[in-house]
């Protein structure tokens with residue numbers, strides 16, 4: 001079974017686009033954050049709060065390693081690129097990795113009413129902007145294709161990826 005991986009900052013639309021893309025391609029959707037919840041019984045925010053970011057990143061790596069060759073559309077967490085081992089896994093897997101890239105302004109609009117993001121609870125807007133900037137080159141390095149998302153619906157983004165994936 002074929003695999004497509006979606007990466008990008010929180011609020012980029014990875015899970016939403018992932019649902020659309022999985023439907024278009026007739027593949028299952030694997031959401032790494034949901035898989036972590038299934039395995040641990042805790043949300044990413046709870047793991048951040050109780051065990052710390054390092055523990056969460058280890059779990060994230062384990063989940064990615066376990067699902068990368070199963071086939072399907074894999075929607076990753078926004079910080080997947082923070083672990084060099086994850087970037088290496090993505091590279092060595094030889095699967096297409098689509099970076100959902102949008103402006104910081106559009107990202108903030110999507111996140112405005114979302115209180116489930118652990119980083120948004122502990123960081124200022126300037127700190128989130130700095131984190132966003134620091135991850136840009138990591139997303140670029142991990143991606144095989146960059147998809148601009150500003151002004152597009154999730155279905156439009158999924159269709160663009162479908163064309164690239166099937167082409």
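For all residues, glycine too, the Cβ spot is worked out from N, Cα and C.
According to its DSSP assignment, residue 16 (ATP binding site) is helical. The ATP binding site annotation in TrEMBL covers 11, 12, 13, 14, 15, 16, 117.
Per TrEMBL, the feature Mg(2+) binding site maps to 15.
Spatially close to residue 78 (substrate binding site) yet at least six residues away along the chain are 8, 9, 10, 11, 12, 14, 135, judged by Cβ distances under 8 angstroms. DSSP assigns residue 78 (substrate binding site) to coil in the three-state reduction, outside any helix or strand. TrEMBL lists 33, 57, 78, 135 with the feature substrate binding site.
Sequence-distant neighbours of residue 57 (substrate binding site): residues of the same chain at least 6 apart with a C-beta under 8 Å from its C-beta are 79, 82, 83. Taking Cβ-Cβ distances under 8 Å and a sequence separation of 6 or more, the neighbours of residue 33 (substrate binding site) in its chain are 15, 43, 44, 75, 77. In the structure shown, the C-beta of 13 has more C-beta neighbours within 10 angstroms than that of any other entry among the binding-site residues 11, 13. Listed in sequence order, 154 are the same-chain residues six or more apart from residue 16 (ATP binding site) with CB atoms under 8 A from its CB. Looking only at other Cβ atoms within 10 Å, the busiest spot among the binding-site residues 14, 135 turns out to be 14.
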